[in-house]
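Reviewing the structure listed below.
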Amino acid sequence: MTAHVPALLVVLPLLAAVLVPLLALRSVPLAQLIAMLSVGGVILGAGLALRRVLIHGTWHYALGGWAPPWGIEYVIDPLAAGMALLISSMALPALLYAGPVVAAWSAGQVGAFYSLFLLLVTGLLGMVVTGDVFNLYVFLEISSLAAYALLATGGIRAVVATFRYLLIGTIAATFYLLGVGYLYAITGTLNMADLTAQLATLHTSSAFVVAVAFLAIGLAIKAALFPLHAWLPDVYTYAPAPVSGFIAAVMAKVSVYALLRLLVFVLRAEGAAGQALLLLHWAAVVAVLAGALLALAQQDLRRMLAYSSVGQMATIVLGITLGTPAALLGALLHMLNHAVMKGCLFLALGGVQWRTGQVQLADFVGMGQRMPLTMAAFGVAAASMIGLPPTAGFFSKWYLLTGALEAQDWLAVLVLVGSSVLSLIYFFRVLEVAYFRQPGVQALQRELPWRMLTPMVVLATLVVLLGVWNQVIVTQVLQYALPHGVAWPRT
Amino acid sequence: MGMLSLGALHYWLVACLLLIGLHSMLAQRNLLKKLMAMNIMQVAVIVFFIALAAKTGGTVPIDTPSIKQVDAYINPLPHALMLTAIVVGVSTTGVALALLIRLYRRYGTLEEPEVLAQLMESA
């Protein structure tokens, strides 16, 4: 059984996605339980896989017994296993949280919702474990299609936002597919390891430049890298809370993972791939500040969190493109930390909206008394976003800053510090209104049901624990996930 | 004329098709026309892959005992890939049409400026 863990990571949620809508017609609680159990199984499998690859090295799994490079191969290294663990670990709290949100829906609707959620998880997991560039495209589209349907459940504004996202997302996926076509035309292979070998002598061809351009632009759109971020704010703002909590936590990060995997691990930052990394670096420098400034300008807190995500995704890309060991560790640690804290923030904010209908900054007066636990979770995650020790956010920013200093990139140092100051302002603003302004009338305390409260309290605790354990995570796991023997271009 | 030789003509046509699709997705005001433009863009990529696999004098990729050399067969992989891409395209169009039906039922129009104007009014 353990020999097939790589395939089971994808097959388990896929099977559950088929079963759940049928079960929901019989019993909704049973369907919800099965959905959560399947994700729990994936967490276990990803944990086992991570443990194994840390001890024995990269795990190659030929799907259906077809030998690579002809067949599709799943390749699990510490980076892929870590991402799979992160995706499944963020899906479980979101699924638990969804219970009360969908309580008023019909059994058919609940079944479809959980089924789509599991398909989204399937697609994202497939993207991180696959060792085949076309297979990655298929999983990218599976996750995107499931995400479009899920996002559109948030009302008519969500439908408008989702339709736009669908068009832009399809442009992104089509560009990616074209890039794959060019790579295939040059090398005649779709297997990532084989591509690396074939391209060693072919990366000077002009078709390679076109391939890299299409791949990088496609994935940068999906990763919402400013100025290609326009789809993101509306989509995150109008989606239902469990969906935005999960998607904001991991979906764009999986596209950043794909960028890292292709440009650095597969194309080895050679030729045009190195140039693409340089261009992404400049885009990220601008995006870090632009995201933070746009977040500062928002009164709708969902939109503030969305723009903050634009800035934070750019921070991760900045770490990757700086390329020094500390910056790469910072980028990977920030992927983990940002997923947990942004997931927590969206779930907490969604809870406030679910209970009170309020999302505007001005309406948060006295919220610290009305929903003490929810706001406490929000406060802890916000402290981590600002980068206060001992929360997780402090340590990833520390590594990123160290990396920028190592690279002697003073502009990167400046924007990293600047965006931290800006996030201090826009998050402190919320805490100030929620805790220190006295409401006109004494509002009643009314907390969320336990199924919504537990996930955000767990995530808030995790924000602190990840901070305390940061050294263990870096020395025991993340440093084995770094690429080796790749030289980043500097000019 | 090296770049524009007849042998590469179909690639230029694919590029035109791709640009027509991309341009119309941005320029069209009607949401359904945007969706149709998206399909044109996807078709361009499908033609691109199929053109990659074209071979003069190649036979169908079925193992025939009398033909030993690999070169005599057409490469079936791009076709198989594009079957998947077509399925993806159909699914995307299906989801998009479902979204458009919801929009039309609510607003009675698919003209983007009118939909946005009604959204602004309700805010």
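Even glycines carry a Cβ here, placed using N, Cα and C.
Curation does not apply to TrEMBL; its annotations are automatic.
Features as listed in TrEMBL:
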DOMAIN    A:131-423  domain 'NADH:quinone oxidoreductase/Mrp antiporter transmembrane'
TRANSMEM  A:34-54  transmembrane segment
TRANSMEM  A:75-98  transmembrane segment
TRANSMEM  A:110-129  transmembrane segment
TRANSMEM  A:136-159  transmembrane segment
TRANSMEM  A:165-186  transmembrane segment
TRANSMEM  A:207-231  transmembrane segment
TRANSMEM  A:243-264  transmembrane segment
TRANSMEM  A:276-297  transmembrane segment
TRANSMEM  A:309-333  transmembrane segment
TRANSMEM  A:373-390  transmembrane segment
TRANSMEM  A:410-431  transmembrane segment
TRANSMEM  A:452-469  transmembrane segment
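Only sequence-distant pairs (6 or more apart) were considered; of these, fewer than three Cβ pairs between the transmembrane segment (A:110-129) and the transmembrane segment (A:373-390) are under 8 A, so the stretches are not in contact. At the 8 Å Cβ threshold, with sequence separation of at least 6, the transmembrane segment (A:243-264) comes into contact with the transmembrane segment (A:309-333) through 3 or more pairs.
Scored on C-beta pairs under 8 angstroms, the neighbour of the transmembrane segment (A:309-333) with the top count among A:34-54, A:165-186, A:410-431, A:452-469 is A:410-431. Within the chain, the transmembrane segment (A:452-469) has long-range Cβ neighbours (under 8 A, six or more residues past its boundaries) at 93-94, 96-97, 99-101, 336-337, 340-341, 343-344, 347-348, 351, 354, 373-374, 376-378, 380-381, 384, 389-395.
When each of A:34-54, A:207-231, A:276-297, A:373-390 is checked for Cβ pairs under 8 Å to the transmembrane segment (A:165-186), A:207-231 comes out on top.
Ranking A:34-54, A:276-297, A:373-390 by CB pairs under 8 A with the transmembrane segment (A:207-231) puts A:276-297 at the top.
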